[in-house]
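Enquirer: Got a structure for you, written out below as structure tokens; questions coming shortly.
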Amino acid sequence: MTISVPATSANLGPGFDSLGLAVDLRNVVEFHPSKFFSVSIKGEGENNPKLKGNNLFISIFNEHYNRLTKKKQNFKFNFYNQIPMSRGLGSSSAVIVSAIASAHEAAGIKVSKRRILNHALVYESHPDNITPAVMGGFNAATVEKNKVFSQKKHLPDYIKAVVVIPNKQMSTAKARTLLPKSYSKESAVYNLSHTALSVAAFFNEDWEILKIASQDRFHQKARMKTLPELFNVQKVAYESGALMSTLSGSGSTFFSMVYDEDSEMIASKLALKFPEFAVKILNFDNDGLIIDK
């Protein structure tokens, strides 16, 4: 059995803990019953020996498999990871979602994407990453009574993502400590209005307004100060024609949305200006979680 989950970019602009989208950079896990437990990793994390034992995936998988079957069974897991770890591209959400889906498949129990999403909420209390990881596309999401409520927009082929990935990790927990403890009414209204406009822009495919709509006063500046070069990344992206340019998740990756015809030019300018960072052009992913038996 094979499970794959895409990378995600969340906290989009003013959409703190509420807006996210999926990009075509995937973590894949293949698994089957085995006499002995074993883990192999290729790609991201392959040189980290701690991940080859009782990692987050294995812990969540075992929890759900044992709950569903009431029995013990060893499995061989082969991981093929493309999503950089702790870079603001949803690596943790990919692990959580793939573990839950894998456990249900291993137990022979069909489960809806919505059910998997709500299970994932136990491990990731904010829906902006886990929702696009499961559903794909652009998502506006909220949590009410321990359930995720969301709306998805399919993203067209004529827009692309350009991501700038610094060689610096940023944990979500640490990034949250950088945020203000309170916000003014003015800032709250600013972000509410810009979030509403951002959602409307995505659903109406009115991309040109995103440069205004994606402005934020809640989280980006406080987090970007830990890596000041990101302010210049955003400046160069906008000067080169990006439709929106925003911190991805809690960082350190910076995400820009661009027209397909501009993607090579914008990526080249960013790579030339910031040679110490990785720059990738990515398609958007509209599938989310994929299960192949």
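Yeah, the Cβs are placed from backbone N, Cα and C, and that goes for glycine too.
Per Swiss-Prot, the feature ATP binding site maps to Pro84, Met85, Ser86, Arg87, Gly88, Leu89, Gly90, Ser91, Ser92, Ser93, Ala94.
If you look at the structure here, what lies around each of the features I listed?
Expert: Look at Ser92 (ATP binding site): DSSP puts it in a helix.
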Enquirer: Once the chains shown are all counted, how many other Cβ atoms turn up within 10 Å of the Cβ of Pro84 (ATP binding site)?
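Expert: The answer is 23 other Cβ atoms.
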Enquirer: In sequence order, which residues at least six apart in the same chain have a CB under 8 Å from the CB of Gly90 (ATP binding site)?
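Expert: Once residues fewer than 6 apart are set aside, Gly90 (ATP binding site) is near Pro6, Ala7, Thr8, Ser9, Ala10, Gly20, Ile83, Asn129, Pro132, Ala133, Gly249.
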